[in-house]
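Database features, via Swiss-Prot:
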DOMAIN    25-256  domain 'Radical SAM core'
BINDING   Cys39, Cys43, Cys46  [4Fe-4S] cluster binding site
Amino acid sequence: MTVAKSTCASVSTKPAVGKPTNGIATYSPAYTIVPTYECFNRCTYCNFRTDPGESSWMTLSAAEDIFQRLQNEQVCEILILSGEVHPHSPKRQAWFQRIYDLCKLALTSGFLPHTNAGPLSFAEMQELKSVNVSMGLMLEQLTPKLLETVHRHAPSKLPELRLQQLEWAGDLQIPFTTGLLLGIGEGIDDCWETLETISKLHQRYHHIQEVILQPHSPGNQQTFDAPAFNPHQLPEVIAKARQILPPDITIQIPPNLVQDEQWLVACVEAGARDLGGIGPKDEVNPDYPHLQAEELREILQPVGWELVPRLPVYPQFDGWLSKELQASVRRWRELVIYF
């Protein structure tokens, strides 16, 4: 994201960290399941995808083995994160069924699924609602100029297509996470306009749990030749986002992409009160290992922030879930405090 000169000039080389706050920051104890890495989009900043047909799909038996192993781990969320099969591909139905079956298996194994699998049809979203406590899709940036650059070969990154997902999630009463990718060629006003659009949709549907502010972080697989988003600018972006978004939307940042501990604290103090799903591997940014919960506590506690686990669905949305899902969530609300 390009920032006006006046904004850049105001950015200090040291974060403005205040006095101990006695505040709370949250995270979700999570594990990521990837049904497939294959994706028909070719976003130039991507470090996740493989070409269609080049990687195998996760089998249910392999997932069952993973879920069995996780029974003794402190994990509540199963993030189903998938590459995208084209909506008109003959493999689309099998792909969707695999995602549904993995969600169902996660539930029966005692976990809480959250799916992010790119744009879905209304019927697909409706079906997945029955086996997910929440879902998500990044807006990234809504400016159409990115369709000429980083999204030139990414048909599902059409802004109107992704906005439609947020509207359908509202219609279906699906607790939803969305977010922005910072530093992929957008301008500063593009960022604010995307946040304002999210705010307006939430005021209509009241369904957005979290907005992720994810700084572009170069990886070994991408072809996009651009530096990492400047972490010194992130607290300022967070503070502005906090002004734009309704107070009941939580701002989330990925802590492994803010590698300076002081700047991570500055981001939390600026208003990013959630650190996302913490698991063994960041599948989207594999070159940046996750900081684990104890490491994050060692950073946050000395400056007055308590790190607290949460579920992948916020309490105000429990009533939107089926009775079966509500029962699973109730069990976890009693357990997660012991993590």
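The chain as shown is numbered from 1 upward.
Every residue gets a Cβ built from N, Cα and C, even glycine.
Not measured: the values here are computed from a predicted model.
Residues Cys39, Cys43, Cys46 make up the record's [4Fe-4S] cluster site, and a Cβ search at 8 Å around their centroid adds Asn41, Arg42, Tyr45, Phe48, Arg49, Gly83, Ala154 from the same chain. Among the binding-site residues Cys39, Cys46, the residue whose Cβ has the fewest other Cβ atoms within 10 Å is Cys46. If you take the C-beta of Cys43 ([4Fe-4S] cluster binding site) and look for same-chain residues 6 or more apart in sequence within under 8 angstroms, you find Arg49, Val150, His151, His153, Ala154, Lys157.
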